[in-house]
Amino acid sequence: MGKRTFYFVRHGKTEWNLARRMQGWGDSPLIEEGINGAIATGEALRDVDFTAVYSSPSKRTVDTAGYIIGDRDIDVKNA
């Protein structure tokens with residue numbers, strides 16, 4: 001087995017982050033700043049050849065992963 005690199009990324013900023021509210025299993029939507037941050041992360045990682053992308057099932061994390069992946073042909077797997 002060759003070398004493996006793992007990238008861990010937190011979800012983008014949400015409405016509840018702004019309110020300084022604990023989210024836990026609650027699912028607050030991404031705000032524009034969170035979307036833009038996820039897109040910027042995707043651009044910074046554009047040269048990485050991901051073999052898999054995993055996300056928790058919460059909408060904010062799935063959306064963040066989707067913005068990071070952009071137009072790449074890779075599915076987000078439920079972790």
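Placement of Cβ uses the backbone N, Cα and C atoms for every residue, glycine included.
According to TrEMBL, the feature substrate binding site maps to Arg10, His11, Gly12, Lys13, Thr14, Glu15, Trp16, Asn17, Arg60. Under a cutoff of 8 A between CB atoms, and with a sequence separation of 6+ in the same chain, the neighbours of Gly12 (substrate binding site) are Leu30, Ile31, Glu33, Gly34, Ile35, Gly37, Ala38, Arg60, Asp63, Thr64, Tyr67.
Report note: the substrate site is defined by Arg10, His11, Gly12, Lys13, Thr14, Glu15, Trp16, Asn17, Arg60, and the residues of the same chain whose CB lies within 8 Å of the CB centroid of those residues, excluding them, are Gln23, Ser28, Leu30, Ile31, Gly34. The sparsest Cβ neighbourhood within 10 Å, among the listed binding-site residues (Arg10, Arg60), is found at Arg10.
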